[in-house]
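Trainee: Annotations per TrEMBL:
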- B:32-54: transmembrane segment (TRANSMEM)
- B:108-196: domain 'Cytochrome c' (DOMAIN)
- B:121, B:124, B:125, B:261: heme c 1 binding site (BINDING)
- B:173, B:216, B:219, B:220: heme c 2 binding site (BINDING)
- B:203-284: domain 'Cytochrome c' (DOMAIN)
C-alpha cells in the first residue's frame, strides 16, 4: 500500500542558497606594509620631510611689512579680506592669481603624470605623506610587518592594549597638530596658539581642528589605501593622462618570467627560468597591498617601494637591478616582443640575453628624450604661458587704484546761478600697507571745479587727501561747471590720482552730464 | 546555479543571477561604505529629531533644539537694532548741526535718512530727491525756507501750509489776477523773466519793474532776491519751481500754485526727522 506521507522531491534550487551565498559587502583586508629601503624610499623620506615641514612650519615664518600690516609670512586674513604671501599682498579682486595658480597646479599635474605617471600620488599627495607618517608611528610602536601581523592576530593582552592605545593616541595627536597647523594660516599664529590653550579662541578654530583631526586620523590611520582606491577620482582620471611613453612602475616580466622559487633546480631540468624568484618582497612592502606583477592597475599609486624591495633582492642574488622599474609601455612592449619571439611563444628570458648573460642590444631602455614629446610640450607651454602671464600681471599691477561711480539719480543738478553740478563716488584704493597722501586732479571740463562732501577742502581742480594704509577711501565729489562753459549734454573728462612720493598714478574717464537745453 | 561560477574575462565570481547568458559579477562593496550609508541614516534621524523637519497634518515637528529660522531672523534684527543703539541715542541727544560735525554719526544718519526718504519722500520729491515741477529739487542750492540743517529739520518737522500743525511754515501769495490788470501781469512777468534771462519784448521791462515795485517787493524784496521768512522764492536765479519763462511766470502771478507738505514729526518721530534732515542736507545743496 502506498504511503500517503511520502512526497516526491521537486527539482528546484534557490538563487541564494546558503552554501553558495556570497557576501555583498567585503571587509577591508588588513595590509601590513613592510619597511622598504633604497633610493626611492630615501627620496620619499626627503619629500615627506619637505612637504610636512612646509605645512607645519610656514605659518610661523615672519615677514616684515612695516607697522601697518601683519608680519606673518603667509596669512589668509579673512576678516580684513587680505591674503599675504611673503612680499605679495592680494586684495579680493586680485584673487585670480590664486585661481591662476590652481590652473597651473592642474596643468602641472597633467604634465607630471604624462611624463612620470602618478608621481603626485606616490610621493606628494597629502594622503600618501600622512599615511607614511602614520606608518612610521605604527612601526615604531608595534614593530615591522611580521611583528604587527603577529600582534594583530594575537589575543588581547595588556601589552597589545597598551601598544594599540599608544599608537592611536599618537595618531590623534598628529591629527590634532595637522588641524592646528591649518588654522594658523588664518590668524596670527603666536596669538592664536595662546588663545587655543587658554580656551579663548573662536569656536570655528576648535571646530576646524576637530574636523581635521578626525579626517586625518580616519584617512591616514584607519582607511589608508581605501581612500585612494574608492574615494579619490584621480585614479580614474589618470588614464587620460598616461600614454605609451609615460613612465610607470612596471614589472618586467620579459626578464622575470617564468618565475620560480627554485631556479637552480628548474634550470637543471633544462627549462628556462626568469629572474623573479617569487619572494613576494614587492607585495610585502606595497602600501596598497597589491602585486605589481599583475601589471599596471588602478590601485597602484606608483610609490616605487616595490622597486626598492626588488632591487634589494636582485642585489643579493647578484642580478641586475630593475626587474621592477620605471618603464614606459612602449619599451615594455618592445621587450616583450623580444622575449616572446614576436609573440609566438611564452616568455623565454634567454631571448633577451646574450650568451654571457648580459642584456642583448635590442633590449629597450628608457631614454630621457621620451619625456619630451608633443603632449608634454603642450602641457609645458600651457603651464609656462599661464605662469608668465601671472608673473607679468603681478609685476605690473597697480597699487594705487581709482574707481568712479557717476550719480545716476539725478544725473545732474541745476544750481541757482545756472551752473550744472554732477555727483561722483570716487573710490581711492591704497593697496600698500603705508599711509599715503593722494592728489586727486581733474583733467578736461573747462571752467569746472570740484568739492568733497564732508571735507573742508576748498573748491578747486585738485586736492590732496590722506588715505589710510591698505584701505579703500570713498569720497563724495561734486563737480560743477558754469553754464557758459557747457557745450554738450555729455562731456568726458578724467579723474587722475597720484602719489607724489612714489609717482604712482592712475586715471579714470568719467562723464559729465548736463540738460539738453544747456547746450 | 548552485555551483560557483567564475567569469572568465574578469576572474570575478558571479552572483548566480543570469539573464539570457548575461551574468552579474559579484564585486562586493567595501563594508565601510555600507556602514557609512547606515551612519547617514542614523544622522538623518538625529538631525530631524533635533531640528524642525517632519511634516504633520497642519504644521511640522518643532525639533528638540527649538531652532527656528524666524527666531534666527528675530535675533539678528535685535542684534542689528542693538548695534544701532548708540548712534540712535546720540542722534536723539544732538542737534542736526551737531550731528554733522561727527563723521561716523553723520554717515549713519545719512544712511538711515536715505532709507526713510525712499519710503516717505520719494512720492513727491522723486527717488533721487530730484523733484519735479511743483515739487522742489532737494539737491540744488536754492532753498525757499532755508537750507541750514536746523531749517531743513524745521521744515520736515512741521511741514508747509499743513493746516493741522500750528507751527507749520505758512505763506500765501495772493492771486494777482484779481488785483492787477492783464497788461500789468504781462509787464511784471517780462520784468521778472528779464532778471535771469532774455524776454520777447524788452519794452515791457520798464513798466514791469514799476508793477513789481508796487506789488511784489513786500515779499520778494527790492532786488527780487526773495525772503525765506515767507518762503518767497529768489526770482533772479536759474531755478523755477513752477517753470521758467514769461508764460509760466504769468500763470503763477495770476493764480499761484502753492505746495503743501505734511508735518512728519508725528508720523516718523524726532529721530527719523533728524536723520532725514541730515540726509537732505548731504545731497549737495546744504548750507
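Note: Cβ is positioned from N, Cα and C throughout, glycine not excepted.
From a predicted model like this one, the values you see are computed outputs, not experimental measurements.
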Trainee: Tell me the Cα distance separating residue B:219 (heme c 2 binding site) from residue B:124 (heme c 1 binding site), rounded to the nearest angstrom.
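Mentor: Just about 26 Å between their Cα atoms.
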Trainee: What is the maximum Cα to Cα distance, in Å and rounded to a whole number, among the residues B:121, B:124, B:125, B:261 annotated as binding heme c 1?
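Mentor: Site span for heme c 1, by Cα atoms: 11 Å.
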Trainee: Using C-alpha atoms only, work out the spacing between residue B:216 (heme c 2 binding site) and residue B:261 (heme c 1 binding site) and round it to an integer in Å.
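Mentor: Their Cα atoms are separated by 24 Å.
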Trainee: Restricting to the domain 'Cytochrome c' (B:108-196), what is the model's mean pLDDT?
Mentor: 94
Trainee: Cα-Cα separation of residue B:173 (heme c 2 binding site) and residue B:125 (heme c 1 binding site), in Å?
Mentor: 22
Trainee: What are the non-local neighbours of residue B:219 (heme c 2 binding site), defined as same-chain residues 6+ apart in sequence with CB under 8 A from its CB?
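Mentor: Counting only residues 6 or more apart in sequence, the Cβ neighbours of residue B:219 (heme c 2 binding site) under 8 Å are B:171, B:173, B:226, B:227, B:230, B:232.
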Trainee: What does DSSP call residue B:173 (heme c 2 binding site) in the simple three-state scheme?
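Mentor: Its secondary structure by DSSP: coil.
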Trainee: Tell me the Cβ neighbour count for residue B:125 (heme c 1 binding site), meaning other Cβ atoms within 10 Å of its Cβ, over all protein chains shown.
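Mentor: Looking across every protein chain shown, the total is 20.
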Trainee: Neighbours of the heme c 1 site B:121, B:124, B:125, B:261: Cβ within 8 Å of the Cβ centroid, same chain, sequence order.
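Mentor: After dropping the recorded site residues, what remains is B:120, B:122, B:123, B:135.
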Trainee: Could you give the Cα-Cα distance between residue B:125 (heme c 1 binding site) and residue B:220 (heme c 2 binding site), in whole Å?
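Mentor: So the Cα of residue B:220 (heme c 2 binding site) lies 25 Å away from that of residue B:125 (heme c 1 binding site).
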Trainee: For the binding-site residues B:121, B:124, B:216, which one has the sparsest Cβ surroundings, going by other Cβ atoms within 10 Å?
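Mentor: Output over binding-site residues B:121, B:124, B:216: least Cβ neighbours within 10 Å is B:124.
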Trainee: Largest pairwise Cα distance, Å, within the listed heme c 2 binders B:173, B:216, B:219, B:220?
Mentor: 10
Trainee: What is the interatomic distance between the Cα atoms of residue B:121 (heme c 1 binding site) and residue B:220 (heme c 2 binding site), given in whole Å?
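Mentor: Cα to Cα, residue B:121 (heme c 1 binding site) and residue B:220 (heme c 2 binding site) are separated by 28 Å.
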